[in-house]
Amino acid sequence: MATNVASTGASTAARTRRVVTRIELEPTAVLAIVWVALMVAWAIAPGLFATADPLEGDVFERLQPPSAEYWFGTDQLGRDVYSRVVHGTQLTLQSVGLALLLALVVGVAIGAVAGYAGGRTDSVFMRVIDAVLSIPSLLLSLTVIVAVGFGTANVALAIGIGCIAPIARVTRAEVKSIRNRAYIEAARAAGNSEFDIVLRHVVPNAVGPVFALAVLECGTAILMISTFSFLGYGTPPPAPEWGALVAEGRDFLAGYPWISTIPGLIIAITVIAVNRISQLLRSR
């Protein structure tokens, strides 16, 4: 037992060293992590970073270009675009967190049951998953939103449902690959219940690839939430969700492009950074 624990600890330490080495060798990974950390900081404490109230405007300062006073300029109502982007980060990432939490809990549960049970249970679950995967995720999420209504929570629910299937499939594959390993057989021989084995031994050893996929799905969720917000399905105005900020400035693109383009760039950079982190995790 001590040998197994020691070897597991050594293996974990070796993997950690490989990841740290890759980060040190790849500046893009460092930049991605720093950027995502900044976005998380904006989401946790927007008041520390914002320079103005995101909902109050000054008509005498409307449509001001980016400057030392207004870093991202002002919009058509004189509101500070930078402060609106910062506060919008909280709304957007809250939706992403809810969506991923739902997808992980349900997807991992379905995948673990299907992969561990096998047989007819596996076949039934996978046929349902295949059917869901055959539907474009954007269309599936839009259908759910139309059914349950608009709003941040409903958008998160819809996107979370769309992310369940890929997470369940990856979990199932990982569980099938480890369910008959020696330590699982040892747990059975020790008299542990099947539920206890799955919860304590199978799932913890199957979550590595699932976590990497969840990070990738995070980028997809940001894009989809911004898309639905742009279309008006998210929190109603004047809430500064990222997609809504892009939509607000579309009528001013010709003369005042910063109103839409800067929030759009924030979305694009964040998605690219999240995808880069996912690449790093998958290459471990």
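Placed from the backbone N, Cα and C atoms, the Cβ positions cover glycine too.
According to TrEMBL, the protein carries these features:
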DOMAIN    89-278  domain 'ABC transmembrane type-1'
TRANSMEM  25-45  transmembrane segment
TRANSMEM  96-116  transmembrane segment
TRANSMEM  128-147  transmembrane segment
TRANSMEM  153-171  transmembrane segment
TRANSMEM  210-233  transmembrane segment
TRANSMEM  253-274  transmembrane segment
Open item on the list: If you count every Cβ pair below 8 Å, which range out of 25-45, 96-116, 128-147, 153-171 shares the most with the transmembrane segment (253-274)?
Closed with: 25-45
- [ ] Determine whether the transmembrane segment (153-171) and the transmembrane segment (96-116) share at least three Cβ pairs under 8 Å, counting only pairs 6 or more apart in sequence.
- [x] yes
